[in-house]
Structure formats: C-alpha cells, structure tokens
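Enquirer: Take a look at the following structure, please.
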Amino acid sequence: MPLNKSNIREYKLVVVGGGGVGKSALTIQLTQSHFVDEYDPTIEDSYRKQVVIDDEVSILDILDTAGQEEYSAMREQYMRNGEGFLLVYSITSKSSLDELMTYYQQILRVKDTDYVPIVVVGNKSDLENEKQVSYQDGLNMAKQMNAPFLETSAKQAINVEEAFYTLARLVRDEGGKYNKTLTENDNSKQTSQDTKGSGANSVPRNSGGHRKMSNAANGKNVNSSTTVVNARNASIESKTGLAGNQATNGKTQTDRTNIDNSTGQAGQANAQSANTVNNRVNNNSKAGQVSNAKQARKQQAAPGGNTSEASKSGSGGCCIIS
C-alpha cells in the first residue's frame, strides 16, 4: 500500500523544562543526529521528522519551547495544542527537577484533565561527576506524575530516540485507553445520578478509599442522628415528667380543695345539727315551762273551785244564817 499523508499518523509532541537542561540538544540530536554543544536560549522552534515506530510510519511534530521565565506567557498556548509532553530536567541541577512539578500542574490545568501522556527525562547522564539528582529522585518524580522515566544523554545519543518514541506510543495507546476511560466515567456518572436518592441502596461511584470515607461519613451522620433522637426523647421524657408532676400537683390541690369543701360541709352540717338540737332543747324547755305553768295553775285553781261550787249551791234559794 503506497504511503500518503492520510496514512501517516502525526504526533504533536512538546519538550518542556527549565533553561539550560538540554531540550534543544535532545530535539536536534533526534531530528538531525548531531549534538549542539553551545547554549543558545530558545524562544520556540518546531521540528518535524518521519520515523518508524513499531513498524508504523509516523511523523513527529516536535515543539522545542523556551525555558526562561520571561516566555512563560507562551506556555499555555503550546500546552493547549500538544498531545504529549517530554518533561526534561538536568541531573546536574536539583532545582530543574523541582521545576517539573510546576510544569506538570500547569499542563493538567490547561488541558482540564487528570491524565496527559508524559515522559520524564533526566538529561546529561554523561556528566556523572556533576550529578546532583539521583536516579531514584527522578524516578520518584515520574511516579508522582504516573509517567515513564528515562535518563538520557543528548551528547552521547543515549536513550534519545527511546524517550521520544515512548511518548509517541503513550499518545497512540493511552489516548484511546483514556477516551475509553472517559466514556466509562460518564456512564458511571449517569448510573450514580440514576441511583441518587435511593437511600441505603445507593452505592458510591468510586471504590477503595472513597468508599471507606463515604462509610465513615455515613457513620458520623448516623451517630449524629442518634444523638439528636436521644436528645429529643430526653426532652419529651422531661416534658412528660413535668406534665405528670403538674397533673399530680393539680390532683393534690383538687383533693385538698375537696377535703376542705367536705370539711366545711361537714362543719356546716354539724352546726346545723347542733342548732337543731339546741332548738329542740329550747322547744322542750319551753314546752316544759308551759306544762309546768299549766300544772301550777291547775293546782292553784283547785280550792277556788270548791268555793265556786258552794256559791253555785247557795244561789239555788237556800240561805244558811250563822
């Protein structure tokens, strides 16, 4: 099958790093097969090279960027357009390694994603006597970025092709895998939205540590809810006890009132009974007095009665003269 532009995959690769770490030397060694010894600060250079990667003809479109801070305003534009990034530091400069994290975070922010094809490169491996950064330090930095790591020498052409080819493979392979991951995440988000609000049946979208945290948070909510419920129950019990005490006090007061009323009524009844007895005594006394008076009058009237009888006899026409 004849080659044409439509059959050739093109990779847009960007070389990023601090000033003087050998970005241009690596790019020129790859594209022109020679080493540039003198340092000429780059503003921005673009290189193209046709290569064969895994039996596939490809074109590497490489952007060599400026490492100086005064050109930092240009970074976002090439970060936005790049597909893969070669993050380069010099093994003779510890600060150049530390700078890589700043570039990495800026790339993620500009690309608005949590994955970008990246290869971390420790250049100038031929200057072993001036080494400030160990292989392990470089590897640890690459692990933080979830990226492959290589030490290279642009001067001796060590691992130069391998660094660029590895980056192209990441763009080719991880790009498709990453798109698949995005699709799966979108489906997972939709499933999460569908199950949202289903209470205990809801399952967190993420697993592992996120699930554990969700459970811990749920446990915290449960304890909090239990505390609130207990507080409410305590409040209800307190109010119920208060009402009970008030009812008891009310009943006691009512009983006392009833007792007082009963006592008063009994007193009144006793008083009335006493009055009745007194009245009866008085009546009896009066009756006795009347009876005695009548008896006395009868006794007094007895002699007078005989005289009267005699008078009645004399008045019948018979008169006795003494």
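Each Cβ is built from the backbone N, Cα and C atoms, and glycine gets one as well.
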Enquirer: Swiss-Prot lists motif 'Effector region' for one of the ranges 39-47, 48-56, 93-101; which is that range?
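Expert: Motif 'Effector region', as annotated by Swiss-Prot, spans 39-47.
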Enquirer: To which residue among Ser125, Ser134, Ser214, Ser225 does Swiss-Prot attach the annotation phosphoserine?
Expert: Ser214
Enquirer: Going by what Swiss-Prot says, which of Ser33, Ser238, Ser315 is noted as phosphoserine?
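Expert: Swiss-Prot annotates phosphoserine at Ser238; the rest carry no such entry.
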Enquirer: Considering the residues Lys131, Lys220, Lys294, which is the one that Swiss-Prot annotates as ubiquitin cross-link?
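Expert: Record lookup, Swiss-Prot, feature ubiquitin cross-link, residue Lys131.
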Enquirer: Take every residue in the motif 'Effector region' (39-47), average their pLDDT values, and give the whole-number result.
Expert: 74
